[in-house]
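Per TrEMBL, the features are as follows:
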DOMAIN    8-231  domain 'Radical SAM core'
BINDING   Arg17, Arg66, Thr96, Lys157, Arg260, Val261, Arg262  GTP binding site
BINDING   Cys24, Cys28, Cys31  [4Fe-4S] cluster 1 binding site
BINDING   Tyr30, Gly70, Ser120, Met191  S-adenosyl-L-methionine binding site
BINDING   Cys255, Cys258, Cys272  [4Fe-4S] cluster 2 binding site
Amino acid sequence: MPQQLTDRFGRTVNYVRLSVTDRCDFRCVYCMAEDMTFLPRQQVLTLEEIARIARNFVSLGTEKIRLTGGEPMVRKDILELVREIGTYGLRDFAMTTNGSQLTTMAEPLRKAGLHRLNISLDSLDADKFRSITRTGKLSQVLDGIDAAREAGFRGIKLNTVVMKGRNDEEIPELIEFARRKQVDISFIEEMPLGNISEHDRGLALCTSDEVRTAIRDHHELVPATEDSGGPARYYRMPDSPIRVGFISPHSHNFCATCNRVRVTVEGRLLLCLGNEHSVDLRRVLRANPVTDDKLRQTIINAMDLKPERHDFSTNGDVQILRFMNMTGG
Ligand code: SAM
Ligand code: SF4
């Protein structure tokens, strides 16, 4: 049994989200400013450094890794990293993607050892999709979702950030789409990460309760009995195998059962999505190129910094200055 990571509040940390790039081919309005400056190359971890961090987390009890970004697929050689981490014997190995490159990448990713995919999809209307992502093309993502289904992943889930006045009217269509494609879907409340100009987050907030009401006009929703082990609360419909999840950072605080930490592509270990507490792993990695003892001890010590909870306000004020693409969503 490997050593376990435990924080001051008795929570076991066994899930790591690794950001592999801050770059992206989309510019989603809730995630990025239109005009973003990305990190210079020397500040970004190499693939070997990312794998080294992953390996050491696994030796400390990590059972689940998710690769994210930015858009993981814009990182050159991402397949090499997936292939390497795929050998670590994880219980769950997943990626979050915008789906833009899945037509060519879905099968190679699955063959390289990835278990599951989360694919972001905020609209089924090509014009709205373009206005939310600023640069994205809906048809490309829909083809990507089909390619992912054909590739035979253990699980595929769609992620939708719901915003009033932008895509809240589409909730029933998105549910029908997920039912037809037989993939799970989660609806996410927008979080105040980074300063955006396109809409007022306070006014655009669509709570999970409101989304559930919109779905219940069409389908019965029964709370799922199994524990998801994550922040999403899941429901099922009596006439479909898919699960419908709700991630509610505003209306339902999930911190008490938080089992995760994040590592940015600069090697900053973030102990909480909604707080700035962090530890610089890149400095430790680069100062100790041969042995991992210092790195492991730094990770173990960092657990003491994990805050008890996040506290997002709903008035649209920015509390966390880093954008989601830096955080690793
Ligand atoms: N590029 C990939 C994608 O879009 O799926 C992975 C990275 S993205 C930052 C991960 C997830 O975070 C996406 O599902 C996205 O919709 C979500 N996200 C980004 N900014 C957010 C925000 N401010 N509030 C809530 N979710 C957000
Ligand atoms: Fe890119 Fe994902 Fe952020 Fe959209 S949510 S801009 S796809 S990183």
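In case you wondered, yes, glycine gets a Cβ from its N, Cα and C as well.
TrEMBL annotations: computationally assigned, not manually curated.
Shown here: features listed in TrEMBL, placed on the structure.
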| residue | record | DSSP class |
| --- | --- | --- |
| Arg17 | GTP binding site | strand |
| Cys28 | [4Fe-4S] cluster 1 binding site | coil |
| Arg66 | GTP binding site | strand |
| Thr96 | GTP binding site | strand |
| Ser120 | S-adenosyl-L-methionine binding site | strand |
| Lys157 | GTP binding site | strand |
| Cys255 | [4Fe-4S] cluster 2 binding site | helix |
| Arg262 | GTP binding site | strand |
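Neighbour count (other Cβ atoms within 10 Å of the Cβ, all protein chains): 21 for Thr96 (GTP binding site). Binding-site extent for GTP: residues Arg17, Arg66, Thr96, Lys157, Arg260, Val261, Arg262, maximum pairwise Cα distance 21 Å (rounded to the nearest whole number). A straight line from the CA of Val261 (GTP binding site) to the CA of Gly70 (S-adenosyl-L-methionine binding site) spans 17 Å. Spanning the listed S-adenosyl-L-methionine site, residues Tyr30, Gly70, Ser120, Met191 have a farthest Cα to Cα distance of 16 Å. Looking at Cys258 ([4Fe-4S] cluster 2 binding site) and Tyr30 (S-adenosyl-L-methionine binding site), their Cα atoms lie 23 Å from each other. With a cut-off of 6 Å between Cβ and the nearest atom of ligand 1, the binding-site residues Arg17, Cys31, Thr96, Met191, Cys255 reduce to Cys31, Thr96, Met191. Less than 6 Å separates the Cβ from ligand 2 in the case of Cys24, Cys31, Gly70, drawn from the binding-site residues Cys24, Tyr30, Cys31, Gly70, Val261 in sequence order. DSSP assigns Met191 (S-adenosyl-L-methionine binding site) to coil in the three-state reduction, placing it in neither a helix nor a strand. Here Cys255 ([4Fe-4S] cluster 2 binding site) is positioned 19 angstrom away from Arg66 (GTP binding site), judged by their C-alpha atoms. Each of the binding-site residues Cys24, Cys31, Cys255, Cys258, Val261 was scored by other CB atoms within 10 A of its CB, and the lowest score goes to Cys255. Within 10 Å (C-alpha to C-alpha) of Arg262 (GTP binding site) lie the following binding-site residues from Cys28, Cys31, Gly70, Cys272: Cys272. Cys31 ([4Fe-4S] cluster 1 binding site) and Met191 (S-adenosyl-L-methionine binding site) have their C-alpha atoms 9 Å apart, to the nearest angstrom.
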